[in-house]
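Right, one structure below, let's go through it.
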Amino acid sequence: MSTAKKEYKRVTVKSLVEMKSNGEKISMLTAYDYSMAKIVDAAKVDVILVGDSASNVMAGHETTLPITLDQMIYHASSVIRAVERALVVVDLPFGSYQSDPKEALRSAIRIMKESGAHAVKVEGGDEIKESVKRILAAGIPVMGHLGLTPQSIYKFGTYTVRAKEEEEARKLMEDATMLEKLGCFSIVLEKIPAALTKKVSEQLTIPTIGIGGGKYADGQVLVVHDLLGMTHEFNPRFLRRYMNLYEEMGNAISNYVKDVKSLDFPNDEEQY
Ligand code: KIV
């Protein structure tokens, strides 16, 4: 079993590559607000992702497509104010980097300048190569994201496992190699077969971070609301829930309602 091999006061993009070469698995979790980021950072999660999944879990949209650059900057700056140790990576939202490399750079610069984030994440391979190059050339660290890329959900049609067929697996491997060559510091592999994750992770020197990619990834990422069981309608096979906060929070809030209605709250000690 892999455990922490070195104490990191502050996790950097270099630390992640070092963790991979030391055989230490990388932990990554999402956070979108100050209070959650404080808890996640204090628990020594290595990387905090301000994911565009905020569109789903914070705003209630069906997909990640509607969230805007301004909204991502708002979430990212709230997270940054809480974090002392973790590397904070922020998703470039749909529409902010695909059409034009100059626009991609402008979007990435806004995230870095206005939120204080440490790196950005983009979805896709060859199609966004010029945008990735442009962002990297400005000295902004970039994390890739291949496999199931939720910003392309309308192209895929479903959230099922990607790259099961040889042709798509071959393209994924080529894209991963290309992203490493360009200078990306890590790549998220979402919902692909474990055997393919193994192959990609062995081929690359930069770390892979899996979500539904199996045990061979160099690190793992989950959406924090899923891990804590705050969401309860989303049940993919890859998700391990560590709590059932949906139920616990619901019970706590029902008890509060009951106490207010029955005049039990506030009592004599709870008033001035
Ligand atoms: O937005 C997000 O939360 C993500 C993770 C699922 C990797 O991209």
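Cβ atoms here come from the backbone N, Cα and C positions, even for glycine.
TrEMBL labels come from automatic prediction, so no person has curated them.
What TrEMBL says about this one:
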- D52, S53, D91, K121: 3-methyl-2-oxobutanoate binding site (BINDING)
- D52, D91, E123: Mg(2+) binding site (BINDING)
- E190: active site, proton acceptor (ACT_SITE)
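Secondary structure at E123 (Mg(2+) binding site), as computed by DSSP, is coil. When the recorded positions D52, D91, E190 are compared by the number of other C-beta atoms lying within 10 angstroms of their own C-beta, E190 comes out lowest. A distance of 11 Å separates the Cα atom of E123 (Mg(2+) binding site) from that of D52 (3-methyl-2-oxobutanoate binding site). Excluding D52, D91, E123 themselves, the residues of that chain whose CB lies within 8 A of the CB mean position for the Mg(2+) site are, in sequence, G51, S53, T64, L92, P93, F94, K121, V122, H145, P150, Q151. DSSP assigns S53 (3-methyl-2-oxobutanoate binding site) to coil in the three-state reduction, placing it in neither a helix nor a strand.
The full span of the recorded 3-methyl-2-oxobutanoate binding residues, D52, S53, D91, K121, taken as their largest Cα to Cα distance, is 12 Å.
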